[in-house]
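So the structure is just underneath, and the comments pick up after that.
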Amino acid sequence: MLIRFHLRIGLTFGELDAIPATTDSARIKQPKMPAERKPMRYAHPDGYTDVCFDENGRFIVTGGSDGDIRIWENLDDDDPKSINVGEKVYSLALRNGMLVTTVSNNVVQVHSFPEGSPDGILTRFTAEANHVVFNKAGTSVAAGSSDFMVKIIETKDNSQQKTIRGHEGPILSVAFDPKDLFLASSSCDGSVCVWKIADQTLVASWPLLTKFNEVSRATSLCRLEWQPRIGKFLAVPVEKVVKLFERDTWENTDNLSDDSILMPLSVTTWSPCGGYVAAGSIDGSMVVWNVETRKCVGSFKHEKAYRICAMAWHPSKGNIAYTDAEGNLGLLEGVLANAGSKELASHSTAATLDDLFDEEDGDLSTKGMNLSPPSSIRHPLMGEDDDDGEDDDVMGIVNRSRHNRAIEDDNSHDIGSPTHLDKLDDDDDDNGQASSARAAPVIAAYSGPVPTPQQKPFQPCSTPSHLLHRFMVWNSTGIIRCYSDEQDNAVDVEFHDTSVHHAIHLSNILNHTMADLSQEAVLLACVKTDELPSTLQCIHFNSRDTNKEWMVDMPNDECIEAICLGQGWAAVSTNAQIVRIFSIGGVQKELFSLMGPVVSMTGHGEQLLISYHRGTGFDGDQCLGVQLMELGRRNRQIVQGAPLPLNKRSYLMWQGFSAEGTPAFADSDGIVRMLNRSLGNTWIPISNTRDHCKGNSDYYWVVGIHENPQQLRCIPCKGSRFPPTLPRPTVTILPLKLPYCQTSSEKGQMEEQYWRSVLFHNHFDYLAENNYEFDETAKHQALKEQQELLMKMFALSCKVEREFRCEELSEFMTQNVLNLAIKYASRSKRLTLAQRLSNVAQEKAAALLTIQDEDDDFQAEPKAGYRRPVAKWNSPHVQPATESCVGKEDGSEEGVQNCEKENGNNELDPEEAPCAKRRLNPFNKDHISTEIITPKSVTLTNSMLARSNPFKVTSGGISPALAGGQARNTNILDSMTKIGKKSSNNNSQSANNEKSLVLKPLVSKSKAKQTQATLFQSTIPKSSSKTVEGKAIEARPIQSIIPDNKNTENKKPKTGFQLWLEESREDIVAESPDLTEEEIIKEGMNRFRILSSEERKAWTERAKRSGNINNILDAEDVQKRKRVEELCENDAENKKGNSEEPESLTKKQKQEHVSTTSKLAAFAFKKD
């Protein structure tokens, strides 16, 4: 109050310094905080970049090598105003609304500020002008050029010029004396000179710098500067120190240095109060000194050690803006926090009282959601009017707090920063007494969580509405641009596929600010004005009549905030928190209320996704909710009121659907999330666009997502969050990656790939459920990819001896791949694991049998109702295996593909129908996919869920739980002899042409492969009345034929090429390890043809001789197989004996156990 009173009666700044310490200003506690270096952002292309503040400190002005002048409201401004002044900007200066620049055509020109309109040329040089400055009053401009001359020009009359000659090299920098008596200059000739302005005579000169021929080759720019107000010292950067030359005596009174300076200094600048000097070096070091104490008060380092080109102090705060040689802009905040604000305020260059005591919009609002600490330099003072009382003081705090958190941009998604309230004492005493007992009550500041301003509504894939040229929408259908300038106010619609519709040009008479585009229509909307209501306009270009356009006016008290299009419908959300649904032809349909103000809306097909404010966020966080609905034939709500997960202190940047119809969104931190329908409609992060940005100020503007192929379509934006309309932006494809742990390891990579594949192929189930068309081949290919990854993880777990992990992986395997896992485990000599996996296979088979029984019951009694089991997210996939699938070798690619093709047929023969029953969806018109996904926990009984002891000796009896099928506790290897003749023939063919999904740990002979392929075939329990014993007896005569057939095939002698290939295979593989089996054979044939005729004959004769030996070996194999048959017959007799003589059960169990071991010894581990 006392400070305000003295200012009102006209006291000067100097007199304010003499105010006694008992005043209120002395009792205001100044918070002390360390200086903060803000992350740098892109401003201009690489090259020299200049920077300065305007007189009020509201804007940061930069100029760079692209010839543009950019006006930034703050460091977080994503949409700075740009003014092109030439091809390249060498220097700039700003004073009294005049922006003076030196550009590449050797001129010094003037533009109005901040409009940027040209205002003439001040002077010309014969070479480029390297530096330009204003004098204190702003009436004169000094510029130095590479033609060795310095010119002083009057701004009101550029004909009044003074030229200073005397340097013998290009001018590096110039500086005006605050009293307009002297001018200092530095040059590439190595000298620093002081000139008298009146007669352009040399006053003093010092040879301080290294000599160079060109400015571009100079080590230091030597940006010298006079001390403000009094001009007592001239600061000159020389090597690693700042030399201070005293006025009049021109002696070097002192040097400012610091141990942190390792490279030569290039730039110096004085604080507005004249008490501090800041300097920047060529390696990015920045140091601030107190001139009175000659001590360093702060040192900083460039984050990438780039050369500092320019530095500028804020006119009233302790902030320093700086630029580097790569075109980046940075800011140091709170540099003079410890010095207090009294000194700065006493020497401030602010022109008005509001500049001193009232906060400006540009000072208090920053873009983004980051919370800003309270200003350490200036504080709002309460109690300006003594008659207002305490109520006005409180209201002033509330109003000022709201003002601090204002959102400046209507549609740039940039939200103001809430600031903490300052703790101020109000001791205003009407009687003039300073007694503490009668002191006015102190207004305490709120120290709890600060409410976050709510994000304003926006259209996805649109740029801010205040831009003259902007994108109204960019999606998979096309692009809508809006041009609103003096020449034209129009909307252009462009389609990616011109076969959908030709381009459309519309006059934007109603000033539409929102738009959406689909395959059917263009939807436009405008906000409410004083004259016109908020209007919705739709152009239905697929209409069958001539009237393709319709318009609807909203009620007078409603204003449209968000719009979207779907398949056959349009949706509008207003500020009354009402969502209105229209048909694509203009018929009003349903409407409903939202639970909070809308943020954004998106449509895809029959789905409508709405995000809204479900509450007030705190400390920079947004509190958003999401609502997902289906507006098709069955109107239903999928997600209602669920929180939208955003990163801390971030806000919603984009929301939409993938091309396949899965909801997704992105926040301001670059995290893209997608809805996981299989995990209870949760959100899972799928990409981080910030990982692909090269700089801190670079961003990616999301325009779409594809699940198949897995792509994130974005537009890279350098130095901004959104792209310009011209030139046309280029869409970039970013990969998708789930944030799993240890993705650098092989295990982590495969886990991430598997679950990413599962996530991005969940849409097949959604499309099938809603009767949409989809690619069956793509679904089967995705399933095959997932099973291959599971098999690779299984092999890796076996390699590191993680058998329990192998069992866990088997829960996700299909029947065919599970058989392959059993085969791999047996070849790896892990019998215990093979036994456990066989139990898992039996459980899957039992689950499939239960599903088939339920389907039979449902088809027999359709009126009884349909009970659908509850699906769980972690349920394993159970795949039905038909006889034709079991007949093929498990695990081979050919077998898996053939199984998929055979199971994919909708029309089955009557003989194949019993073993190929599928669970049909009664709500789906078409047949469902052959891969049935059913929760194991629903279909299995408690006895089935119990794991068996692999070391327990069990009987061959039939379990009551699996009547008509295999015994629950018997080894699956015991029942693998019951095969048909047709399946055995197919088995031997597939064994000869085997292509396994993984590398086999053990290599065996071809005959052993054939035998083992027969061994590991499992039959699926069928719902028939025949018993297992009956099937075994019926299959016995067929099995006796198999060895004879194989022996007949093996009696054929090998050719000479086959023998040569067996010996040369290792050489071929060593030379080309990536060749497949077919490629190895082709390469061997080419090499065999090159051999001479004598060598080929020798190999042929050798093959004939080896044929006789093979016949003898085959005879021995026949005898061994006969012994195995006898063992199998004994096994069957033992089983029969068990049913007739229960008292001999223990003895038969031991015999059966011996039978299993003998099979493994005879077939699985046969050696040469």
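Using N, Cα and C of the backbone, Cβ positions are placed for all residues, glycine too.
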Of 882-937, 938-993, 1050-1105, the range TrEMBL tags as DNA-binding region is 1050-1105
Close approaches to the repeat 'WD' (164-205) from elsewhere in its chain (Cβ under 8 angstroms; 6 or more beyond its ends): 127, 130-137, 140, 142-152, 211-215, 218, 220-231, 234, 236, 245, 250
What are the DSSP helix/strand/coil residue counts across the repeat 'WD' (270-299)? 0 helix, 18 strand, 12 coil
The repeat 'WD' (41-73) [mean pLDDT, rounded to integer]: 92
